[in-house]
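To start, the structure under review is shown below, and the notes come after it.
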Ligand SMILES: Cc1cc2nc3c(=O)[nH]c(=O)nc-3n(C[C@H](O)[C@H](O)[C@H](O)COP(=O)(O)OP(=O)(O)OC[C@H]3O[C@@H](n4cnc5c(N)ncnc54)[C@H](O)[C@@H]3O)c2cc1C
């Protein structure tokens, strides 16, 4: 019986099966010997974007630190209606009764002493004695925009804040608030400004002459000499002002006590459009021009200044 399938017929089938198995084997070997590729890394942000994030983070951190610092500085800054502590720069006795207190200001604080537009603004500050909850006003004798605030504080018998001010050593802290406006002067309205004072009441005039600039107005100061035997501390502050103002400032030292009619009349001679500023204790102010009212309004003009013919709008009484 002939075989059902001849061997020659089987040969191509066997060959193709063998080739297939060889190919599979080769593929398996190849796949085994090839290194496994590493897992795909997460896509990296572009290098420039990372830099931007970093810059932003540094910027925000810097701003936050600057803001916190500014808040802290603001809390320490001189302000009109809340007390802040200020370090005394120097405290010198001008006479046994008068201390010159120097309080350094920061540039931001200096700007608080700016003039109102087209005016010369005279300011005062309040010194506090927190332990006994009192405060007293003091008028800087200089232009606060130029650095240290200079206060001349008189020590009076039994005076609380005067005693405190005299006791302050350089580097000590003092509670202060301000500045507060004392008065404003529009120089352009006057040909002559007459100023009458005694003792530390010259302070607003020293500040006015420090802050104002020579223009067309003449200033005449009648300032009382101290009582016999007392030292005169004002001269050293008047001399540089005289140099600044030249002929436009006339300083006349008058005897202590009631202001004499002849001195006032001399100061008013050829005065043109005149303003008289008066800063005196009540006992001396009363015969010259009358009291301020209890609420510190001007009150009626009476006394010598009314008698020599001045109108109320030509006189300003300072507390
Ligand atoms: C706007 C303004 C600015 C001022 N500027 C200055 C200034 O630059 N320098 C300055 O020294 N003062 C100035 N004073 C006065 C100051 O505010 C205080 O009134 C003064 O320093 C006394 O305060 P004290 O706490 O030491 O005395 P207090 O405890 O108030 O008074 C104690 C006793 O002393 C009496 N007394 C008060 N003042 C005087 C005096 N001048 N002479 C004699 N006895 C007095 C009181 O009647 C009281 O019996 C200013 C006042 C005002 C309203």
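Even glycines carry a Cβ here, placed using N, Cα and C.
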Given 4-25, 26-47, which one carries TrEMBL's region 'Disordered' label? 26-47
In this predicted model, the domain 'FAD-binding FR-type' (81-186) has a mean pLDDT of 96
If the FAD site is taken as the center of the Cβ atoms of 136, 137, 138, 152, 154, 161, which further residues of that chain fall within 8 Å of it by their Cβ? 127, 139, 151, 153, 162, 165, 200
Restricting to the record's FAD-binding residues (136, 137, 138, 152, 154, 161), give me the longest CA-CA distance in Å as a whole number. 13
If you draw a 10 Å sphere on the Cβ of residue 154 (FAD binding site), how many other Cβ atoms land inside? 18
